[in-house]
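For C:67-88, C:94-116, C:128-150, C:180-201, C:222-241, C:247-268, C:307-329, C:335-362, C:369-388, C:408-425, C:445-468, the entry in TrEMBL reads transmembrane segment. Residues annotated as domain 'Nucleoside transporter/FeoB GTPase Gate' in TrEMBL: C:138-226. The annotation domain 'Ferrous iron transport protein B C-terminal' is assigned in TrEMBL to C:250-298.
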Amino acid sequence: MENKPNSACETCGLFNADGLKKLGVKTDDFDFVVALAGNPNTGKSTVFNALTGLRQHTGNWPGKTVLRAEGAFEYNQQKYKLVDLPGTYSLLSTSEDEEVARNFILFGKPTVTVIVADASRLERNLNLVLQILEITNNAVLCLNLIDEAERNNIKIDTRILSKDLGIPVVPTSARFQKGIPELIQTISELANGKIQCKPRRIKNIPKNIENSVQKLSDSLTKEYPNISNSRWIAFRLLEGDTQIIEALKTGNIATNEY
Amino acid sequence: MNYNPITALAIFFGICLLLYFAFRPKKGIYFLLKSMYKQKDKVIIEDILKFLYHNQLSNNSITTIGLTNSLNFSNSLIIESLKKMMDNELIVLEKDSYKLTPNGNEYAFQIIRAHRLWEKYLSEKTGFHKEEWHERAEDKEHELSESEINKLSDLLGNPRFDPHGDPIPTSKGKMKSKRGVSLSSLKENDIGQIIHIEDEPDIIYKQILAENIHLYSTIRVIENNHTRVVFHSEGEQFVLAPIVAGNITISVSEKNETLEENIARLSSLKIDEQAKIVGLSKECRGESRRRLLDLGFVKGATVAIDLLNPLGDPKAYYIKGTAIALRKDQASKILINRIE
Amino acid sequence: MSTKNIDDIIALSEELRWEIGDDFHDNLAESIYSDASKIVEDAVTKDNNKSKFRLDAKIDKIVTSRIWGFPIMLFILGAVLWLTIIGANYPSSMLAILLLDTIQPMLKSFGANIGFPWWLSGFLFDGVYLAVAWVIAVMLPPMAIFFPLFTLLEDFGYLPRVAFNMDNLFKKSGAHGKQALTMSMGFGCNAAGVVATRIIDSPRERLIAIITNNFSLCNGRWPTQILLATIFIGAVVPASYSSLASLTAVISIAVLGIAFMFFFSWALSKTVLKGEVSTFNLELPPYRPPVFWKTIYTSLIDRTLIVLWRAIVFAAPAGAVIWLISNIYLGDESIASWLIGSFDGFGFLIGLNGVILLAYIVAIPANEIVIPTILMLTVMVTGVAGGVGDGVMFELDSVSATADILRSGGWTLLTAVNVMLFSLLHNPCSTTIYTIYKETNSVKWTVVASILPVIAGFIVTFLVAQIWRIFV
């Protein structure tokens, strides 16, 4: 990451409150698509509502949002369409909601992916974060429920986390509207290329698998020099994902570049 | 309106009875009619091929009598089919016993491939209980065409073993071989891993299932004599009759490096105890397995009981910062190492 | 790029997959988690002494305890239902006065003033408007109370504990503990209950929950039960016990519904649904104080109004149909009375009558208009005095006047008992059917969910009628 880490105090001065307009469901004519992903029950829908001004119901219940919801906001004369993906623990399985989330990040080509994580249960949430970082380059980690984490005496060094993950990290407490301006500012900087991400790739994979992944990934990049997530496609091929195989055959993967 | 309510009730129960006889599972008239319409001769030929193949593996020679005694078809049908098979060069008769020709061998491989792939499919992608896999695959193996079988194999990610631990032949006839000995032939203190559970005959298979014995779990034999076989596995003790133990195949460990005693099932964890997860049992399959992995039940994770249930089951386990409730049968498929 | 190269890549992947074996998924999942724990070690510091969520743990100990778990649960759910049913009475009657007694006559005189022909004003104001107004008056208040209360419990985090407590019971019938919640939601509205099954992420158990949700007696059916129990059941015991007896009868019907729900869950999981994938997992999230007003607001917008809107959309054409069949004549008989005549035989066999069956057919869109339709059709067939006539639905303020009309329509205690049973056991309303289709995306399961309860209803009412006639 070339830019400085986005801790709250550094960016809040930059935030231009007058430039923000919450557009609700008016999602036509947008400049950027922003995907909102995250584990169930991390307050993802609350973040969505805070960004768009919508009031989608948010239960304290894993798995409320099954279908994707869409909303929009405008910031500094640029319109952002926000897509709230179903909350999932992972993107590796075959359940319907995971497919929706996985396919949107892979084929929907969002400009920025906001990954909402529960700060008090970070380790569990990183499982999904690391998977998403294999698929997309442009992402920001929204460390939500930071107030809950603080109450439970959990301290998170966002600088280190941001460095480890290679993406900006923004602590928020969406229920109380905290950190949302910083999040919007970061999204806008990512969308306009002012921050470059260097997302972490999954390490610690057993040798024989790593070799197979490497082999596949190499032949994929030979075929499609532009794709950045050849490793993820290799994972899916080894998993036998028929949708990916289909996408390769139809050439859908080839256009998946940022 | 005048009518006799007793007559009305009698007619009602009459209709119920008729429906029962028409649609009761397996023996209902509907199912009998359905099975009559199937291609009978194809089924017989394929069953004979399978039977010969399995016996050839164990070097039994099979005569016509042997076939008619073991297969559940009328003698005339079997003899008719045998003639057809010889005409088509699937089998040859050598000294009164039948042998598979290379063609016949290949055909038998295809059926076995279809059977085992279908069992794998049922175990991974459906919710059928494992008691039902074998029987359903027995029907399905005759219905799948070669291209369907290959598609199925792709869909499943070209698996190498079926859910009982039997190798699945590839489309080119490659098959991973498996070496093992019967559990009933082991000595005291032998340590090994269960690599295969035979699903035939049905009665014995059901007994093994009822004992909750898991494929690929490590075992240590405690006692073996002509009345019973006793072994330890995953923190529990199992007692089997020798005839039942004979249907379980063990791969014996050369060095006694696997410390079987330290492995237990998560279901045996008590409140205030802590444990590290060793892995998931191979019995945990398909979507449930992936879901458990997603939830963080992976090797090395620390786990403890978070909440007991007023009705005993499920229990909530505290793992990676969250309480997750699991039912007992799920917890019994998660292997742990207690932390003292 | 060439297709040949792509085929080569796919072939390579298949070969590699065979080589690395069946453990690929496990290994990958493990690597990701071990990576995650390394990152956490770096970036997160935890004060372990003050460890985990002490208040949470305390609440959890109580609400899942052997002694208090179930009493607390029954108390809370009972209180929510009681508040809903009792609390809705007052606003419901106010809405009825406003929409039915005030606005409807105004509309009719407005129609007369600008010279509407009788059929147009009848069709619009006696048919369409009346049905819609009825649905709003009966449906809106209980839903506006029930959903916010339920949503508050949900946001607080209590509901997953209910699922946790109840899971063992539901497991025995092949269902998921979370079905306890979708079932409770069904007491408010079956359509909302069906939508709520989204929280069940196991395909088999979700289908079970969807198909059996209709066995929860919904808000639209409670008034029917209470009315009939008051008139007929309350009358067979001494006056001092009559309210107790009718209350017991209504609760028994609701409990019977739960029994049917368990039975059909079990039967479905053992037969048609046994091949569907089944997984179980239940996360118990930390408690969070709900943001009160926001919760009230979103639950009104999200659940109440959406469900109400759907009901209105379906009720309007139903009102039109009801008015049309009773005002279009074939020869000297209206369609309605002709239909009633042809249903009478079957109706009698199952202890009901043609009027009731026709009312249930035309009132598929909304259970709320069943009683008004029955009253209107009874008056039309028997010719007794009551209502405004001309095929206009009505309800009476006085319970005894309602009882008189029903009795003159040939109702006995058996009829009342069987209508109560049939009100529990019949097809879901069209809003729910539509919702089931949208949630399952399958015609097959929609048909199963719609037909199954009616068949159960026919069988149960038939058996009750025969046994009654043999012994009474």
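Placed from the backbone N, Cα and C atoms, the Cβ positions cover glycine too.
Because TrEMBL annotations are produced automatically, they should be read as predictions rather than curated entries.
A quick note: this is a predicted structure, and the numbers were derived from the prediction, not measured.
C:445-468 is the stretch from C:67-88, C:247-268, C:445-468 with the greatest number of Cβ pairs below 8 Å to the transmembrane segment (C:335-362).
Here the transmembrane segment (C:128-150) has Cβ contacts under 8 Å with residues 80-81, 83-85, 87-88, 90-92, 95-96, 99-100, 103-104, 107, 184-185, 187-189, 192, 219-220, 222-223, 295-296, 299-300, 303-304, 307-308, 311-312, 315-320, 322-323, 365-366, 368-369, 372, 392-393 of the same chain, all six or more residues outside its ends. Within its own chain, the transmembrane segment (C:307-329) is flanked in space by residues 119, 122-123, 126-132, 134-136, 139-140, 143, 189, 191-192, 335-337, 339, 362-366, 368-369, 373, 376-377, 380, 390-393, 429-431, 434-435, which lie at least six positions past its ends and keep a Cβ under 8 Å from the stretch.
Each residue of the domain 'Ferrous iron transport protein B C-terminal' (C:250-298) gets a DSSP state, and the totals for helix, strand and coil are 28 helix, 3 strand, 18 coil. Across the domain 'Nucleoside transporter/FeoB GTPase Gate' (C:138-226), DSSP assigns 71 helix, 0 strand, 18 coil. Within its own chain, the transmembrane segment (C:222-241) has Cβ neighbours under 8 Å at 85, 138, 142, 247, 249-250, 253, 367-368, 370-371, 399, 402-403, 406, 411, 413, 416-417, 419-420, 423-424, counting only residues six or more beyond its boundaries.
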